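Quick notes on the structure that follows.
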Amino acid sequence: MTIQYTFSMIKPDAIKRNKIGQVNTYLENAGLKIVAQKMKFLTKYEAECFYDEHRARPFFNSLVEYITSGAVVLQVLKGEDAIILNRTIMGATNPAEAEAGTIRKDLGESIEANSIHGSDSENSAKREIEFFFNKSEIIE
């Protein structure tokens, strides 16, 4: 097992329903340590840059509109095999298909409003963490 860092974003639907603490509890109970966390409103430009890999997909504009519709909580998580552990506790993208006990099954509302985003690879984690955080913001 390897100690890794990964990126997580609590999405506007969960923020609006006051679920930040509940999401953090899922993450911490899974063995992940929150080493950086901040709340902000993403600008359209930030959202477009962050989701640039999806720019050609038909859902891109609605994704940008959704993610800028309210505040998000940006996080850096640390733990053994943190990327896969975070992906596991998040659950499938579609809450209807996610396993019971996962964040998306228990808190998600739809494929888009599924409460949480998490890095899917080491490269994505590095890029996403560096997109939002300076090294000085990550507290071990």
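Residue 1 is the first one shown; counting continues down the chain.
Any Cβ shown, glycine's included, is placed from N, Cα and C.
For PHE59 (ATP binding site), the count of additional Cβ atoms within 10 Å of its Cβ stands at 12 [all protein chains shown]. The feature ATP binding site is assigned by Swiss-Prot to LYS11, PHE59, ARG87, THR93, ARG104, ASN114, with sequence analysis given as support.
The DSSP secondary structure for HIS117 (active site, pros-phosphohistidine intermediate) is strand. According to Swiss-Prot, the active site, pros-phosphohistidine intermediate annotation covers HIS117, on the basis of sequence analysis.
Most other Cβ atoms within 10 A: among the recorded positions LYS11, ARG87, HIS117, that distinction falls to LYS11. Rounded to the nearest whole angstrom, the C-alpha distance between PHE59 (ATP binding site) and HIS117 (active site, pros-phosphohistidine intermediate) is 16.
Counting other Cβ atoms within 10 Å of each Cβ, the lowest count among the binding-site residues THR93, ASN114 belongs to THR93. Geometry remark: ARG87 (ATP binding site) versus HIS117 (active site, pros-phosphohistidine intermediate), CA distance 9 Å. Counted over all residue pairs in LYS11, PHE59, ARG87, THR93, ARG104, ASN114, the record's binders of ATP, the longest Cα to Cα distance measures 21 angstrom.
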